[in-house]
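A short write-up of the structure that comes next.
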Amino acid sequence: MNHFQAILAQVQTLLSSQKPRQVRALLDGLLEEELLSREYHCALLHEPDGDALARKISLTLLEKGDLDLTFLSWVCNSLQAPTVERGTSYRDHGDHSLCATMDLGSPEGSYLELLNSDADPLHLYHLYDQMDLAGEEEIELSSEPDTDTINCDQFSKLLQDMELDEETREAYANIAELDQYVFQDTQLEGLSKDLFIEHIGAEEGFGENIEIPVEAGQKPQKRRFPEEHAMDSKHRKLVPTSRTSLNYLDLPTGHIQIFTTLPQGLWQISGAGTGLSSVLIYHGEMPQVNQVLPSSSLSIPSLPESPDRPGSTSPFTPSAADLPSMPEPALTSRVNETEDTSPSPCQEGPESSIKLPKWPEAVERFQHSLQDKYKALPQSPRGPLVAVELVRARLERGSNKSQERELATPDWTERQLAHGGLAEVLQVVSDCRRPGETQVVAVLGKAGQGKSHWARTVSHTWACGQLLQYDFVFYVPCHCLDRPGDTYHLRDLLCPPSLQPLAMDDEVLDYIVRQPDRVLLILDAFEELEAQDGLLHGPCGSLSPEPCSLRGLLAGIFQRKLLRGCTLLLTARPRGRLAQSLSKADAIFEVPSFSTKQAKTYMRHYFENSGTAGNQDKALGLLEGQPLLCSYSHSPVVCRAVCQLSKALLEQGTEAQLPCTLTGLYVSLLGPAAQNSPPGALVELAKLAWELGRRHQSTLQETRFSSVEVKTWAVTQGLMQQTLETTEAQLAFSSFLLQCFLGAVWLAQCNEIKDKELPQYLALTPRKKRPYDNWLEGVPRFLAGLVFQPRAHCLGALVEPAVAAVADRKQKVLTRYLKRLKLGTLRAGRLLELLHCAHETQQPGIWEHVAHQLPGHLSFLGTRLTPPDVYVLGRALETASQDFSLDLRQTGVEPSGLGNLVGLSCVTSFRASLSDTMALWESLQQQGEAQLLQAAEEKFTIEPFKAKSPKDVEDLDRLVQTQRLRNPSEDAAKDLPAIRDLKKLEFALGPILGPQAFPTLAKILPAFSSLQHLDLDSLSENKIGDKGVSKLSATFPQLKALETLNLSQNNITDVGACKLAEALPALAKSLLRLSLYNNCICDKGAKSLAQVLPDMVSLRVMDVQFNKFTAAGAQQLASSLQKCPQVETLAMWTPTIPFGVQEHLQQLDARISLR
């Protein structure tokens, strides 16, 4: 049967109903079903002709392969979708009026705008019908529909035959699942729904009469899983309903007559006094104008909005975002506008409200248990809390040839702070998510920065009723996923057996799988998983009952195949190949270190909480007396260790002094505990720390200890602590840095490691075969300190003297290794680590040897410089007694650290980002540091400068404006050295940003009086065009030192070439090289260049290859070349010149190059 006319009638009826939201809903539904492209969807929204819009929609529906499915889907999702309006008296939890919601608006001049107007639709319809349509072309696409009737037996047989087709079953299952919401909100649609589903799923025909007794006062039962999203269409199956499915309806006692044949058109079923609206059964062609759908007398209440909209309510009611087939416009209303829902005159009866069904009891019970579990967890870590703001991070291409992505290091002033806690950040990020797509959010930071506290705070926040965009939050510490083999199911990932178990039965798991967009999965300490490599490209698991590996489950989530649409939150240390797994992350954040002010605040709170507030100032004085520990206190875990030792020293009442190294700090903390330990307890704990670190773990079973006494001692002394919420008897080291220290203790005193293998654990020159991955990244510094520092006050204070004597042999091995190192071959990060190791040794010979080998130019471009790095680098530069130039761009160095390095007398010049440097100047000027400000200005250089982004041009403009403000008289002697001494400037912004940013650069070019090389190509087509050349030419009189001008690939035509030729004589005495390679210069431009060529007395090389001038232009250039004996090369090969002409010109003058 040809359905075009029937579909067209339905669409025309819908478009004439004056409900623009239904029109938009229909178009959005077609877009979601991929029946429309986004471009065609946008065009239909702007279609001004209603009849044309109806024809285009009908043609789109007709082009679908299965016409019946198209028609049924359209009826379910568009025609019978209830319009939801919010009452004007509705208020949210904050007692804010929500009567005004988002005004989606309509495209100007479109049919949607016409529907929103106040014009009478019937008047417009007749007016349009009377218009002259003679000029329009009418195309008959289909014949009249077949008017034959079909009875129920034939229809059932047809459905049974189609069930043999897999695609047909899946498509009908799609319809059956997606239209649940459409039919469940009103009794009208509830009846139609059950009739439809019962008829599809019945294995036998209905009897002629069915008697359904209903008890008086019985409430209608609601279907389960009201919010349930349909799974992927490839996995949907049509589940036949039982013959008793009509029991879901509250029908009057009596008989229901089943007709085996239905009349053509609309058939109305109504029951007086039942409170039910009329039921319409459609068959055949829908009348277009003379038949009108009866309106419902039911009052449809507002649906609670989803959590990402204002006014969200209980999570047990479906939100607007959860309705699978309800487009967004159908759930919003215009400002100060309500839709008329008054009953028609032919309908009577009281209004009835519909109560939305809740979740299944098992799902609701599981959610409450999960919330109670998170509420019971302790939220505050040991010690005080100091609020820090997350910093947005990004990945960039590495500097090596592997093309791997790594975490970028922004300049200090370029940092983007994410205000608010992680819960607020998740709220903002979720607002930007694409529907149905998995969202990956990563929170990175060094050990001890508080990442796990951030993660636990999110789960606790959700348990307390916030983060309403999620129905379930699963907080999973990754150490609980350490089970070998292919024995993992999805429920094992969400609720690991080693955690406090929660009963997740199949019903709960099925609900979670069908509602992944309401799930937040938190994987804490992701670096502890061995299965983190290759997650984006490796094989992934499935939702089948068969178990798979943990890597397979994680790969399925990262590849957006399992729980597609969920939110995945990772916390990890930024190391190893983690960046490869995060290359497609939606958002990456970093937990920053303490600032100096925050570190002091932490110390004050620590002493206040411990009841010794009077020792605050004394403790701060002790810390300020040790600059290295002061710089390390930017790490919260080290700051806590400093507070603990300071408190112990002040309680002793003796002359207190903190140690000068990080190794000394931990030796002082663990020394008293080691003296009161069982025999060999510290060595045993050190061995466990090392073995766990080699396996990337930080937790262990209590049975790993040799005795209960050793375990009790470790827990009592605060070295180990119970893990949260685990069912097994597990312990974890109190901090990652403590585990590193204990691992270094094991290396320093054991005999199991050969001497020749010891240097690899300094991680300075990794081996090519079986390299040491340095997961315990604090081991190298502690190992150097334990081996080299005096035995009595270091290693001897922790272990027995006989055991400590082993360190003497290891000291000789490491001394020989350190003195053979060639510092010039080390990368910036390993050079800093070497400086730290040399400082921890406290051996003057090793420290001076390393310092004197430092090269004169030190580049830390792209390497993160922490406060401890700045301190040891400054000490090394002072010890070296030579001049240095530093490149500190993209290091993230703090302004105070930058000032400390710049103020060193041995630093003669430095490079840093323009924004960071100018921020330092402003800070020094405000502080009155005139001498340091002068040094910072004189040592700063930007030679050579390459502009790769608009921000680079803006910063350069700010630098020039700063100079003009300080030197309004334009005295060259008072110019900033960075501007006065700039000799090479490259401009590489590309063809899009180049034309936009070049006018700013041209405006400030005259300030660079010493500029010798101006490269406007730099392997990037900037395409500044003729306008750019015109602006550039105006600056030539001030660029008296310019020797090289590269204007290649800039889309210059004859107009620009003529402008350039007019201005070139201003550079006659300085310009040596001119390149106009690959532009659009024709004969006229070539002629103008030929005319000015004899005036360029200093020009040596000119390149005009790959332009568009012909033999005439080439001959003019060759003739002019005869008058220029100073020119050495004229490159002018171009495909528009005949090869014979070029050869002839080259024979006349050998200086003409055709290569």
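Positions of Cβ are set from backbone N, Cα and C atoms, glycine also.
In Swiss-Prot, the feature region 'Required for acetyltransferase activity' is placed on 171-210, out of the ranges 51-90, 171-210, 531-570, 651-690.
In sequence order, VAL443, LEU444, GLY445, ASP524, ALA525, THR571, ALA572, VAL591 are the residues of the chain that are 6 or more apart from LYS451 (GTP binding site) and have a CB within less than 8 Å of its CB. For GLN449 (GTP binding site), the same-chain residues that are 6 or more apart in sequence and have a Cβ closer than 8 Å to its Cβ are VAL591, PRO592, SER593, SER635, PRO636. Taking the centroid of the Cβ atoms of GLY445, LYS446, ALA447, GLY448, GLN449, GLY450, LYS451, SER452 as the GTP site, the other same-chain residues with Cβ within 8 Å of it are ARG573, VAL591, PRO636, VAL637. Looking at the repeat 'LRR 1' (1010-1033) alone, the prediction's average pLDDT is 91. Assigned with DSSP, the residues of the repeat 'LRR 1' (1010-1033) fall into helix, strand and coil as follows: 9 helix, 3 strand, 12 coil. Sorted by the number of other CB atoms within 10 A, the binding-site residues GLY445, GLY448, GLY450 start with GLY450, the lowest. DSSP assigns SER452 (GTP binding site) to a helix in the three-state reduction.
Across the repeat 'LRR 2' (1041-1062), the DSSP tally of helix, strand and coil residues reads 9 helix, 3 strand, 10 coil.
Across the repeat 'LRR 4' (1098-1119), DSSP assigns 9 helix, 3 strand, 10 coil. Break the repeat 'LRR 3' (1070-1091) down by DSSP state and the numbers are 9 helix, 3 strand, 10 coil.
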